[in-house]
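To start, the structure under review is shown below, and the notes come after it.
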């Protein structure tokens, strides 16, 4: 800010500084405003170098140094004197002047042009708030707050120059000799005005970061009303920064909650290619993680290449299947993007807007926006009414504020005339420059003017400025109040004096500020931030075809309030648009992710048998309890139906018929044998055993019927006992018959006559009884200790579950079968040994053949039984019983019946004894 000319020139800028132990008590920023090369960028450079090196830099004063200011600050300012002056910095103009960068002369930052109505409203919101506080009897009574407001031109160099003018003063010269003494009072005198302890400004996050770093060493608080970068929440880097605008983290979270709430799982993103855009999409991705929401694409927009970038982003949006598009960028970029989408005729997308463009009047009034972005949902800075503010704006008049250059310029722009008031020299010069404008007639008024300046229907950033002023006022009130007083209404005239305010003390009180706004809302800082509060807005079409902004909800911290019925969607209907990569899996199916694709892109797989999913989008199928099974749609578990081999079904009827037929045939044979019991064929080889064998075969046929029908406790016990005992009786008879044949032929040999004494009729009956008793004992022990019980076979899949007799003891059942097998194998072996005896007399070959069939049937039974499901396993067991019974019946008795009934001539003793 100041250029200093020493009696001895410095050959190098670095020679200005030296590290001195004697000057160790002086920090580098004590000389911030008196350096020999002190334009705004140079001051920033010195500050950064000093901080980075960690050195305390002192100025080596060679001789008397005189200072002069480099260029006068712009006269475009708004100033009101007071006991305490609050600084204001606003981006009032948007057209910077041309800058000569040929490095042949010192930088000169000329004023900007192009007055903007909305930032001008922000300025008068600050003025209104200060005047409201000055008239208050409860807040800062007896203290008048003044203001010093400058334009930053929305560019960091201009902002730096303006803020240094505010904190350093506007004096055109300084006396550096006083600097060596170091009293603060002398420094203030050199600045030429009263120090400003606090500045409201830093419209952009970049500007706020720069200004906060510059003001940090001076401990001057900076309260921003629109800077939203999360990086500014870092108190280590920015201890003097505060803001009445919520961090962008919260709006990114709010947008993510909108996507989750409306089940939009496939979203495209267009962001600014800077920290604002990249941070927003990062927070958005963190918030949607685990919620099944994916980003289809992320396109970036660079301000310098906005046309080509917008064209590329529009083509991506058109090609993508994502119907919901998230946009985090400035409204001018959005305008260009909408133009490109309109050219491509893309009008069916649902947009999610960040606060940077959700309330943009330029976009709402644009016809292209009404075609492309109707129904857009967005997050907006909380709007709040300021009572009396509209009346204040409507009553503004240059004649009442002759020194207000901002109002004068607005008046000339709005009404095309000059107010004609020139009370100061530079005003007179201005009138000469504006001689082409006619003088106003004094009837001009803002009562009927409708523009962004006078529109107070939705005060968003304006309200943030209003809150910033009140936060500063409450911090001042706390500072100026007695430290030992608990009441805020204490007379502050006896405590600290406004003229002795120190910025660092004000900053400490600003950290602790906690009050209720005139609108009745609590206000406090959480570090640099305030609790997040947003409006949820919807762009809705009017009957005229234009767009209007409609409030549909609010966000208070993590509380989300949304009126879904008030939303007008991009489709024009009340149905929520669908934006998915894959449709949600219906009940009865589960999600199967596609390899190499986002989790939102998947296939739907039908649940397996016995599993269900009763919700939409289920990730897993749930297995039904054992007693239940899935229905046909795989959406519910239903009770399994008990199934068993009944007498009413075809299989049961068939097996019953076969069993009854076996009983009938056996009975017929029995009667034939009984009628011809005196014939040689019947009497041969012990007719008593033949009748006993026929009786056992009849029991075998009958026991198969016990396996058919609904299993009960008695039937489960009886069927196994009947089966085991019947077959043992049958096989025992065959074994005894075989032994008798062998004994008979052995006894015919010399010296073996006594052998038949041991195999007489009594011994034969005793042997059969003994063999059978062993099986009876096994069955009694088995059925007493661990009998089979009726139980559903839940291990077999299917809706129908077989109710069958479950073997509680496999050992008992194995002993029963094993004993039958032992007797069968013994009979087979004996019959095989007697196979060469005379055919006409003995049954050895018949028994051999019948035992082969018997063993073959039961060997085949084991794998067939194990592999048969449900009731078919029971059918296999019945079939084995019937097959083996028929085998024995026909193999043993068919030849005898044939001779008895059809060849009676052979039924003689002579024929039987023939060899």
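Each Cβ is built from the backbone N, Cα and C atoms, and glycine gets one as well.
Heads up, TrEMBL stuff is auto-annotated, nobody curated it.
Sequence annotations record features per position, and here TrEMBL assigns domain 'G-protein coupled receptors family 3 profile' to 651-915. A mean pLDDT of 82 is what the model gives for the domain 'G-protein coupled receptors family 3 profile' (651-915).
What TrEMBL lists as transmembrane segment is 28-49 (among others).
As annotated by TrEMBL, transmembrane segment applies to 651-674 (among others). With a threshold of 8 Å between CB atoms, the same-chain residues lying at least 6 positions outside the transmembrane segment (651-674) that come near it are 645, 682, 687, 690-691, 694-695, 697-698, 700-702, 704-705, 708-709, 871, 875, 878-879, 882, 885-886, 889, 893, 896-897, 900-901.
Look at TrEMBL and you will find 689-709 (among others) tagged as transmembrane segment.
Residues annotated as transmembrane segment in TrEMBL: 721-745 (among others).
Residues 689, 692, 717, 720-721, 724-725, 728-729, 731-733, 735-736, 739, 808-809, 812-813, 815-816, 819-820, 823 of the same chain, all 6+ positions outside the transmembrane segment (766-786), place their C-beta atoms under 8 angstroms from a C-beta of that stretch. Per TrEMBL, the feature transmembrane segment maps to 766-786 (among others).
The transmembrane segment annotation in TrEMBL covers 806-834 (among others).
What TrEMBL records for 846-866 (among others) is transmembrane segment.
Among the features that TrEMBL reports, transmembrane segment is placed at 878-902 (among others). Tertiary neighbourhood of the transmembrane segment (878-902): same-chain residues 645, 655, 658-659, 662, 665-666, 669, 672-673, 676, 679, 681-682, 690, 693-694, 697, 700-701, 703-704, 707-708, 723, 727, 730, 734, 843, 846-847, 849-850, 853-854, 857-858, 860-861, 864-865, selected by CB-CB distance under 8 Å and a gap of 6+ residues from either end.
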